[in-house]
Amino acid sequence: MTNEHFEPPLASLSVSHVYYNPDDPVSLLCAWLALLPQALGVSYATLVIAQREIEVLLMFAGQLSCEAVNWALKRYFKQGRPKQMYGKGYGMPSSHAQFMAFFAVYFSLWIRRRSKGLSPATRWALSGGILVVSVIVALSRIYLSYHTVGQVACGYFVGALFAVVWFLVTAWMRVTDLGGKGGMFDWITGGRRLWELVMWIGGLGYVKDLCTEVDIVRWEWEVWRRGALGVIDGAKILQDELKK
């Protein structure tokens, strides 16, 4: 009697698996666009580690929260994908559309209302460009038959709405007087205001709050251009930038 070697069936990693028509150049472009959320996820992680900016951390936290909302909504609606689509999972709402809508709307709000290191023309160009790209990515899901029009529209609406709410929450965190006045909440915050508590926790990982005041890329370039500087000279450059 011979022993037969059993091999389990192989599965596909659906995160990067995209069906497209190889005879259609537009379909191929849409397949590449489908990978944009993954690329943005890598960019988030890179910026968090390299820059350690509180605004990047807050945006990343909002993006992950938006994904959690999408996961819950899909299991609430339990609506399938178009019949011509062979992929697995629920289709309502579109996770790609929701992801890109949150990113584009939150980024646009941030760069228009909170960033002080860029010119008005640059702000309009960046926010307008990313909004256009987000719409194209959302439409590509319809073209590839991964979602219906309604599923994409719902995903984009939820993502945009969540972005506005999250932006308002982070803005409120910066200005609220909650904490620091005595009472039960001070027991939670250690006598700090809410934003002071956030920055104190972030300080444990050397998180800073600089990108709302200066253009970090330009500031770092100025430091490099002026040569090997000491701590005092570096601080002086930062003060000069804050006065502009």
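Each Cβ is built from the backbone N, Cα and C atoms, and glycine gets one as well.
Since this is a predicted model, take the numbers as computed values, not measurements.
Summarising the annotation, TrEMBL assigns transmembrane segment to 26-49, 93-112, 124-144, 156-175. The domain 'Phosphatidic acid phosphatase type 2/haloperoxidase' annotation in TrEMBL covers 56-167.
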Return the stretch with the most CB pairs under 8 A relative to the transmembrane segment (26-49), choosing among 93-112, 124-144, 156-175.
124-144
Under DSSP, the domain 'Phosphatidic acid phosphatase type 2/haloperoxidase' (56-167) has how many residues in helix, strand and coil?
84 helix, 0 strand, 28 coil
